[in-house]
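Q: For reference, Swiss-Prot lists these features for the protein:
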BINDING   3-17  FAD binding site
Amino acid sequence: MKVVVIGAGVVGTASAWYLAKAGHEVTVVDRREGAGLETSFANGGQISPCHAEPWANPSVLPKVLKWLGREDAPLLFRWNRWDPALWAWGLRFLANCSRSRAEINTERTLRVALYSRACLGELRAETGIAYDQQVRGILHVYRDGAEFEHACRAAEVMIRHGLRRLPRTPAECTAIEPALGAVQGELAGGIYTPDDESGDAHKFTRELAALAAAKGVEFRWNVPIQSLLADGDRVAGLATSDGTIRAESYVLAAGCDSPLLARPLGLRLPIIPAKGYSVTVPVDNHAGAPLVSITDDEHKMVYSRLGDRLRAAGTAEMAGYDRMPNPVRNRLILDNARRLFPDGGDFDRAEPWAGLRPVTPDSVPLLGATPLRNLWLNTGHGTLGWTMSCGSGRIVADLVSGRPSAISMDGLGIDRFTSYLW
């Protein structure tokens, strides 16, 4: 079967890989000049099922109110503009903030994330792909005792659903990652997830695209997409700057652009862009930079060692499709990295970056079938696109091929939003 994949980020490229392995004739279309140059380019680097707790949970509302008006807020909503999609998304977000909904959404996200981590391990063993990976786990650190206790309760939900999470004392945290020694006295505790990983998502995407091309996948670069063309209950083609591309099936993996492409077809995807920030710091003192990936819960920032670089990333800014970096937020990340790892690298040579993540109100991706019989979704992964990329790609490849997914699809599709009135 001829299949077109729309988008060559880590999710779209993984989709192409698994579709090619299933025997399909695959074409990937992307407006950029190579793979993984937007959301996947300089993210936090974590393969993190441990981050399955959704943004919408009972504890987030007091925090959002506290953060209102602060440019340095970890989660910044710019509500002072009339954007019906943003306000509708916000109402759905509020509807998912109950404890029961948060646990349901944690299980759904974790189901995909654990499967994806296993798929990544199989792919790595099969191909030998290298991407500055560290298979050393992820350590969450907490300075506030109440936040640590809340995190331990949230960890129990994930443990029930199959994820190993281990509460640790401050001394145990620095034993796991000695580079935390400068802040041991500030810590209330930590939670270690030993089976999680980290690695360079852009390098992985670029290498996987090369492997996919060797399997016959065609990548069409520098081809802006204009629209999806419908014919009744099917997609008839993809209108691009380079003409119309036709196939038997289409996989929409265009990240934040997915709802823009779907809307003219009558398909409303509840996805909004969340701008994330990172800085990449050259490591000039290997003992001072962490090897275990770290999540600083207080500041909602993550740190991953990528070879001779330290990637620090975090915060989320709901500001529409504005891709321009906010220097205040990049500086915030850099300052926190310097405080946590004072000997971690040459902070004066840090490279700032900002990119948009496609976020759903419940933090669960949109996977699988749509009302259009030959259009499939692989989008809406939020901050966990790298984490869920391989599993999501394999799921969609199975469904396109007419095979059942290896995991339950319950609650992962667009149909879960049909009960809403907005």
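Just so you know, glycine gets a Cβ as well, placed from its N, Cα and C.
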Q: Pick from Thr13, Ser15: which of these binding-site residues has the biggest number of other Cβ atoms within 10 Å of its Cβ?
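A: Its Cβ has the most other Cβ atoms within 10 Å: Ser15.
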Q: Reduce the DSSP letter at Val11 (FAD binding site) to three states and note it down.
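A: For Val11 (FAD binding site) - judged by DSSP and reduced to three states - the answer is helix.
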Q: Work through the binding-site residues one by one (Val3, Val5, Val11) and point out the residue whose CB has the fewest other CB atoms within 10 angstroms.
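A: Fewest other Cβ atoms within 10 Å, among the binding-site residues Val3, Val5, Val11, is found for Val3.
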Q: Which secondary structure state does DSSP assign to Trp17 (FAD binding site), in the simple three-class scheme?
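A: In the DSSP reduction, Trp17 (FAD binding site) maps to helix.
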Q: What does DSSP call Val5 (FAD binding site) in the simple three-state scheme?
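A: Its secondary structure by DSSP: strand.
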